Ligand code: ATP
């Protein structure tokens with residue numbers, strides 16, 4: 001446990017620490033009211049005085065680290081080596097007076113070093129932009145806090161909190177500021193972020209502690225950044241922003257996630273292979289050259305020059321930058337489709353998802369609940385009305401009835417209000433056609449729907465809370481699937497056969513019914529017979545079979561308030577059954593198409609829900625997730641089978657019902673063991689382990705707890721299943737584009753290397769066809785610019801009509817390696833033929849080196865044809881709409897103009913060591929380069945005719 005000095009700026013003014021003040025005094029010090037909160041004027045004033053509740057980001061890599069990281073790349077290190085060797089050769093030439101007239105010494109060295117620096121700076125700019133963008137994305141998912149302010153309960157962004165605010169906490173939230181507990185119920189908080197202590201700490205409001213109590217023992221305080229694991233609380237905010245305990249130890253803040261993507265890792269492996277390969281090649285060329293010609297210093301120098309060019313040619317200098325930009329653009333496109341990426345690898349790995357495990361409520365359905373039926377033991381009421389507006393009728397046997405005439409219904413409606421943590425609020429709405437009010441809920445939609453139902457029978461929370469104040473509760477959790485509250489009955493006439501205290505309980509009908517001994521008949525408690533139990537379960541099944549979400553209600557009058565800790569096994573026994581409430585949570589209309597799209601794309605959607613199996617099945621059928629007769633596995637069954645047995649079943653089951661969060665973890669693990677690549681949604685605190693285990697953990701942006709968001713790779717801003725499918729589609733596009741430009745860049749590199757290596761063999765007296773400077777130009781500009789344009793290529797028409805690729809496949813899989821070698825060889829053959837012809841042709845002119853410029857130009861222009869043709873793997877260029885990616889055409893035109901400038905603008909010509917080509921020569925270069933385009937188009941036709949698909 002960490003010991004710290006006295007906390008609290010405001011308390012410091014009084015000379016005391018918050019944990020040693022009692023509640024009333026704390027409220028007085030901060031001039032706040034536990035029921036009404038601060039006034040708006042006070043908030044304004046305090047925001048000015050204390051600033052907004054934000055921590056200054058100190059974590060993450062600093063600028064120096066990012067810059068230095070750029071130069072840790074083995075390929076850049078090799079380039080630096082090449083620069084120095086090239087500089088050394090120039091020194092030798094200077095000493096021996098070997099420089100040609102007009103040749104600038106150290107040109108290549110300076111150019112290579114400049115490129116290395118430029119590459120480093122570009123990488124730095126992109127990475128720091130990516131880090132900032134990720135940090136900004138992270139802020140977008142920053143938590144909301146429920147507070148009481150100016151007499152109202154509202155939700156504000158965490159940064160708007162000020163000392164004196166009254167903050168409401170519930171399970172799953174991350175505490176947004178430091179505070180003094182005013183009230184709590186079963187509150188347990190995990191303070192690992194602060195104290196390193198993994199176990200949750202039980203908190204208590206009604207205590208004041210000694211001043212020297214260490215931080216970890218201040219159980220009447222809560223701290224920013226810690227997580228509410230269980231229970232509820234009302235808290236007086238004492239410190240915000242950098243004044244909080246977390247602010248004080250800001251270095252313990254979690255850093256922005258920026259792990260290298262699997263692709264980046266593979267790229268650095270590729271770098272190692274390329275560098276080692278090129279060094280071996282260099283050694284071979286020098287050795288073979290020397291063996292052939294015998295030792296001769298001039299030959300040695302020219303062989304070293306060839307080797308240097310080869311070493312430069314083999315390194316794809318532009319590739320890392322293109323990859324970073326592609327991933328960054330991917331995150332932007334995804335956020336436009338409501339998927340917020342929290343960890344960069346998710347952009348690329350999303351494309352490989354084979355199974356999407358989704359919650360039902362809110363993700364597949366709208367989470368806008370409307371109660372349609374209420375069934376007591378003897379009566380069945382239909383309920384009318386729409387949305388959350390508390391206006392509607394109770395219909396019994398076709399007739400509208402007054403709820404107050406039915407004691408069972410009346411007590412059930414009372415339970416709806418009392419056993420409820422949500423709030424129903426009416427916002428003024430003057431829009432034409434509206435009835436003057438826009439009803440909204442704050443809190444869980446299931447509970448919101450219950451408040452609306454109660455409102456239809458004239459039971460309002462505001463009136464009832466005073467007559468029946470809550471004195472205890474056992475909160476809802478997905479494991480318990482029920483909640484109970486104990487209220488003190490101070491009303492005169494709400495319930496006829498009341499006692500001093502009443503326990504109200506609601507939750508999964510089967511579980512509540514198990515705990516009931518009686519049922520309410522009129523105002524009397526009657527013994528519940530076995531037949532009646534079966535009838536209730538039958539009614540429950542009927543409602544659930546229609547896709548309704550059904551809750552059971554019960555109550556228990558009690559003479560005394562139970563003392564000490566509330567024991568659920570004792571309290572939730574011997575209950576009086578009240579009835580069932582069935583609410584409709586309609587499926588989201590867009591999900592049906594998204595499910596069909598998933599299936600077409602070879603992705604299996606799976607529903608995992610805490611709800612009843614019949615409700616789950618009805619909705620799954622409606623959405624096309626499961627077919628008639630498909631197997632449903634329940635939490636109870638899951639509990640009984642071993643992990644191996646689950647693995648056998650997991651491929652056949654599309655619906656898991658009545659599951660608890662820990663089952664989700666088992667399901668993900670079983671699927672993964674079957675080789676599946678799993679995306680899994682979750683919203684609760686206890687979903688975090690499953691989200692972490694899944695290949696893509698997806699949290700809900702609206703209903704998700706902060707803890708689940710923290711554990712996720714992606715957040716759904718609209719909680720919608722269709723968004724997962726959209727993000728998967730984007731992931732596939734990103735991955736396809738990355739493979740496309742890798743093929744494009746590395747194919748040309750292989751062509752360059754082979755051409756340079758062939759030159760001393762074919763033209764022993766010709767010298768090196770390409771200088772390192774020209775090669776750098778090709779790799780960075782004539783390859784790099786079109787590659788960037790290829791990175792934004794839109795989706796191919798079949799992107800969601802093919803099965804996912806294996807996420808663990810090598811980068812060279814599905815013919816990519818073979819394509820690179822094949823295209824590299826074609827490149828080299830074309831250029832070598834041209835080189836042979838141009839060399840002989842150029843000897844007749846006054847400038848015998850002109851053939852080198854022809855080789856240089858042909859290689860560059862051939863890459864332009866390659867860029868145009870590679871846009872699609874299957875469609876011919878004439879079949880593609882040029883406007884779907886105008887950037888490629890823009891890049892080709894721009895690069896061609898730049899290339900021509902290198903030949904025809906005198907200063908550039910001098911710098912790059914080129915010669916002027918006449919029109920005929922230029923046309924010959926163009927002709928040879930067009931052959932590259934023609935070859936790739938012919939390949940597509942060939943594949944089409946012979947029916948094979950190529951990656
Ligand atoms: P999903 O897992 O698809 O989101 P869900 O909302 O039904 O579905 P949980 O929130 O874990 O899953 O709820 C499980 C069950 O607990 C519900 O089916 C219902 O019977 C019961 N339940 C849900 N909300 C409450 C609540 N606020 N109070 C009491 N019981 C509830």
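Placement of Cβ uses the backbone N, Cα and C atoms for every residue, glycine included.
Feature annotations, reproduced from TrEMBL:
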- 17-91: domain 'Cation-transporting P-type ATPase N-terminal' (DOMAIN)
- 71-89: transmembrane segment (TRANSMEM)
- 109-125: transmembrane segment (TRANSMEM)
- 273-295: transmembrane segment (TRANSMEM)
- 307-329: transmembrane segment (TRANSMEM)
- 741-763: transmembrane segment (TRANSMEM)
- 775-795: transmembrane segment (TRANSMEM)
- 816-839: transmembrane segment (TRANSMEM)
- 887-905: transmembrane segment (TRANSMEM)
- 917-936: transmembrane segment (TRANSMEM)
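Count of Cβ pairs under 8 Å against the transmembrane segment (741-763): among 71-89, 273-295, 775-795, 816-839, 917-936, the largest is for 816-839. Using the rule of three or more Cβ pairs under 8 Å, pairs at least 6 apart in sequence, the transmembrane segment (917-936) is in contact with the transmembrane segment (816-839). It is 109-125 that, among the stretches 71-89, 109-125, 273-295, 816-839, forms the most Cβ pairs under 8 Å with the transmembrane segment (775-795). Only pairs six or more apart in sequence are counted, and the transmembrane segment (307-329) with the transmembrane segment (273-295) gives three or more Cβ pairs under 8 Å, enough to call it a contact. Break the domain 'Cation-transporting P-type ATPase N-terminal' (17-91) down by DSSP state and the numbers are 47 helix, 1 strand, 27 coil.
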